C-alpha cells in the first residue's frame, strides 16, 4: 500500500535513499519479500525502529532518512493493526489531458463527451428582442438566423394536412403580399343578399400609384346619377302611403251582407276530383308578372294575387260579381313576393322585396300592422290553428325563420339553423309542426315555438326545394326539386319514398309551385314552358298536360269545392281559371 504524507521536507538524502533501495531489490530478486507489520500506535517512528532491528546494516541509512521525515500523527489513525506495506512501483510522469476541445460547426462524429460550455459555443441561444439585426455565422443554428417556433403537437405537418380541407373557407392568407392595387373602404358584399353593392360601392381615397389619379367626368356623372336614384328610392319609401281601391259599386248587398261572405250554394262536400279540360276565364289586371296566388280558405270564392307591380288584387271566382277584380291593395314600394290568408280569410299577410311584412284587413283594406325585417322575407305562413291565429312565421334571405305575434307586432322566436336563404315554411296540419326548405339543399322539421329543429334531412343528391305541398291526409308532403322532379316524404318519420317520384316537367331554376287536388288523387305543377302537368298519385304517371301560359307557370291552386277547376298564374301577368 502506498503511504502518502501531506507535509515533508525535500533534501539530498531522499535521493540516496531511493538509490540504495533499488540496489537491494536487485540482490534479493530470488528471495521472498518480507512483510513488515506495524502496530497502530500513536508514534510511527517507534514502530519502525522495532521492526527494522534484524537488518541493521541495510536499514541504518533508512533510519536516518525516516527520522528526518515528520509524519503527522493524524495519519496513524488510517492504519490498521496488520496493515502490510508494499513497495511502490516506479510510475511514469503523468500525461497532461487535453481539455480545451473546440468543436467546429458541421462536425458529425465526436470521440469524447463534450461539456455544456463546448456545446454552447456552437448552439448559443439567439436573442429575439431585435430579430432583424444580423448575427455572426458561428452563432446561427438555422439558415435564417431566427427562432422558428413549431406547433405544440407531435406532427404539425399532419395536422395541417387535416386542417386545410376542413377549414379552407375560414382561413385567410395573412402572409400574402399586398400589391399596390385600387382599394375601397366599403366591400362589395355578398351577391346572394340585398346588401350587395358590387362595383357601385362608394369610392374612397385611392392608395399606391392610384393616389394621384384624377376621376374622369364620366365617372362623376355616373356616380351622381346613382346617388340621385338612391335618394329618390329613400324618399319614396319614406313618403309611401297605403292605398286601397274598391272596384264595385257597393260594399254590401240589400241584406247588408259584406262582399267577403261566400255564396250560400258553396258548401264543402266530399267529392271525386277530375282533371280540367278547357279554359274558363282569364284575369289580366296586373301590369307585371304574378308571383303568388291564394284561394279563400274552405270555400275558394275569392282569389288573392300578388304581383311584381307592387299591387295586391282580390278577384271574384264564384261569378257572384261577374268574376271581376273586387279590390286592389297598394302598400309596398317594391314587388310583392308572397301572400297568405289566415284560417278564416278575414285577414291576409303580404311580404315584399322592400323588406316589410304587412297585415291587411281583407274587407276594408286597412293595414293593421307593419313588420320590418333587416332582410328580404321570401315566404310567409299563418298558423293553421284558430288558437294560434295571431302567430305567423316568415323565411328570410339571411338564413333565418322569424316568428311574429300579429297582436303585439313583436318578434317572438327566431330559428337560425339554415345555411342558406329560406325558400318555404309549411305547416303540417294543425299539429304545430312545420317544414322549412332552404338554398342549402336541406329540409328541416320544427316544433312551433322551439328554435331547435326536430329533424334534419340532407343528402349529397338533394337539390334546393322552392315549393312544398301537404297531402290532404297530412301523411305525405310533395317537394318540388330543382333537378326536374317532385319528391315525396312521409310525415311520420320523414323518410323519402323512392318509388314515388313525379317526372317529365322542366323546373330547373324556377320556383314553380306544386299542389294536390282536394281528394289527393292528382298532383299538379307548373313548368318553365308555361305548361300545367297533372300526375296520378298512385301510378306517378302523367295524366294530362295543358299549355296554359306563354311564360313560366309559377303558381297553381286546385279549387277546394269545385271538383275539376284549377287556377294558374304566370310571369306573363295573367291569371287563368281552368275547368
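Placement of Cβ uses the backbone N, Cα and C atoms for every residue, glycine included.
As recorded in TrEMBL:
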type	residues	note
COMPBIAS	29-38	compositional bias 'Basic and acidic residues'
COMPBIAS	166-182	compositional bias 'Basic residues'
REGION	1-45	region 'Disordered'
REGION	166-196	region 'Disordered'
REPEAT	283-319	repeat 'WD'
REPEAT	329-370	repeat 'WD'
REPEAT	415-447	repeat 'WD'
REPEAT	514-545	repeat 'WD'
REPEAT	546-579	repeat 'WD'
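Touching of the repeat 'WD' (283-319) and the repeat 'WD' (514-545) is ruled out by the presence of fewer than three CB pairs under 8 A, sequence neighbours closer than 6 excluded.
On the 0 to 100 pLDDT scale, the model's mean across the repeat 'WD' (514-545) is 93.
Helix first, then strand, then coil: DSSP counts for the repeat 'WD' (546-579) stand at 0 helix, 17 strand, 17 coil.
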